[in-house]
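Peer 1: Feature table excerpt (TrEMBL):
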- 12-29: transmembrane segment (TRANSMEM)
- 49-74: transmembrane segment (TRANSMEM)
- 86-109: transmembrane segment (TRANSMEM)
- 153-170: transmembrane segment (TRANSMEM)
- 191-216: transmembrane segment (TRANSMEM)
- 222-244: transmembrane segment (TRANSMEM)
- 301-322: transmembrane segment (TRANSMEM)
- 334-351: transmembrane segment (TRANSMEM)
- 357-379: transmembrane segment (TRANSMEM)
Amino acid sequence: MQLKNLTKQILLAMLFGGILGAILNAFFMENNFVREVLVGDIFHVIGQIFIKSLKMLVVPLVFISLICGVAALGDIKKLGRLGGKALLFYLGTTALAITLALSLAVIVAPGEGFDASSTTVQEFSPKESPSFAQTIINLVPDNPVEAMAEGQMLPLIVFSLLFGIAIVMAGESGKRVEQQFNDYNAIMMQLVVILMMVAPFGVFCLIAKTFALQGIEVIKPLISYFLVVTAALFIHGLVTYPVLLKVFSGLNVWTFLKKMRQVQVFAFSTASSNATIPVNIENTEKELGVDNSVASFTIPLGATINMDGTAIMQGVATVFIANVYNIDLSMADYLAVILTATLASIGTAGVPGVGLIMLAMVLNQVGLPVEGIALIIGVDRLLDMMRTAVNVTGDAAATVIIAKSEGALDQDIYNK
Ligand code: ASP
């Protein structure tokens with residue numbers, strides 16, 4: 001397969017999808033055929049099929065790939081070190097992200113003089129988030145099949161890790177099973193490749209539908225909020241990660257950014273880190289040269305617990321809501337926001353829109369009105385797409401840096 005051409009096709013699909021969607025939104029949404037059939041049926045059906053086929057691969061791929069990765073490591077100590085590094089990197093970059101977002105938001109002060117009547121306020125009812133103790137208990141599945149069926153990532157990761165460790169410990173039987181899993185893994189990767197070949201159509205429909213429904217109008221009353229989030233996302237994606245990559249691995253950052261484009265488009269059009277896992281694993285292994293033993297572990301883990309883009313939105317949203325309601329935040333409040341948002345990102349699932357739900361937890365922490373979320377729901381879809389692209393970039397950057405430090409990065413592939 002011509003991967004280069006495919007990247008170009010996917011990027012073009014995104015561009016034309018966006019342009020067509022914006023034109024439809026501006027001039028043709030009154031038309032029944034356009035609204036009901038083209039956008040409501042055709043774009044919707046093709047887009048949903050595309051997202052579902054991505055999601056379809058996540059559970060089997062994470063299960064198989066992670067088992068292969070652990071078995072290939074062949075050493076539980078190494079696994080512990082890998083986990084420690086990943087956790088440190090993920091939490092560290094999230095704290096950095098939210099600090100950046102808060103600083104920018106405090107300087108620009110979005111929401112001052114905001115007129116709430118200028119935006120359509122939608123209903124928002126926050127869900128209870130599970131307690132910390134329950135979150136820890138939930139790491140272990142009652143039943144691995146149930147965890148798979150429900151797509152619960154952390155319990156699935158725990159079960160797969162244990163299964164891989166047992167393979168290493170099981171001697172000859174383990175060796176035979178490991179070989180089988182390696183074959184399954186090769187087949188799963190082919191499935192990802194098949195999916196990527198139809199991706200331009202899926203991406204086109206998803207983007208066209210979103211822009212046709214959203215239009216640019218929704219952004220207007222919230223322009224300052226929207227721009228601050230966008231600016232922080234760009235700075236984090238284009239400055240923070242490349243600097244970290246350079247400092248910790250010495251690798252060429254342009255190569256990284258260029259090779260991430262395709263994954264970012266997937267994340268952008270699906271607004272789901274989870275759905276992007278298959279493509280991100282494939283890209284970090286085949287394009288960035290990371291060994292499966294690292295990528296199969298850090299990418300799904302990152303998609304589940306590392307949400308820098310989401311933390312950025314939460315930081316800016318907190319300041320925005322405080323400004324709108326005329327509430328002053330103290331230094332202690334800002335620190336509480338950094339801490340809560342960093343922890344919240346662990347509990348945020350990599351699916352569309354959860355970041356907003358977790359924002360309720362952050363607002364509660366500093367005593368801001370949770371109803372404030374209703375003000376920003378209108379623009380959240382577009383921001384969700386952008387922050388998901390940043391989320392998955394963070395997962396890949398961590399993966400590359402960790403792989404380099406573990407001697408599990410093939411520089412010839414990386415530089416190719
Ligand atoms: N959509 C984001 C993701 O999947 C999570 C969020 O911020 O809502 O990474």
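Cβ atoms here come from the backbone N, Cα and C positions, even for glycine.
Note that TrEMBL annotation is computational and uncurated.
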Peer 1: So what's near the transmembrane segment (222-244) in sequence-distant terms, Cβ-Cβ under 8 Å and 6+ beyond its ends?
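Peer 2: Distant contacts of the transmembrane segment (222-244): 93, 96-97, 100-101, 104-105, 108, 110-111, 119, 253, 256-257, 308-309, 312-313, 315-317, 320, 375-376, 378-379, 382-383, 386-387, 389-390, 393-394, 397, 401.
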Peer 1: For the transmembrane segment (334-351), I need the partner stretch with the highest count of C-beta pairs below 8 angstroms, choosing only from 12-29, 49-74, 86-109, 191-216.
Peer 2: 86-109
Peer 1: Short question: which residues 6 or more past the ends of the transmembrane segment (86-109) have a Cβ under 8 Å from it?
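Peer 2: Distal contacts: 224, 227-229, 231-232, 235-236, 240-241, 244, 297-298, 301-302, 305-309, 311-316, 318-320, 323, 334, 337-338, 341-342, 345-346, 390, 394, 397-398, 401-402.
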Peer 1: Are there residues at least six beyond either end of the transmembrane segment (49-74) with Cβ under 8 Å to its Cβ atoms? List them, or say none.
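Peer 2: Beyond its ends, the transmembrane segment (49-74) has Cβ neighbours at 82, 148, 151, 153, 156-157, 159-161, 163-165, 167-168, 174, 178, 181-182, 184-185, 188, 191-192, 195, 198-199, 201-203, 205-206, 266, 270, 272, 274-279, 281, 291-297, 300.
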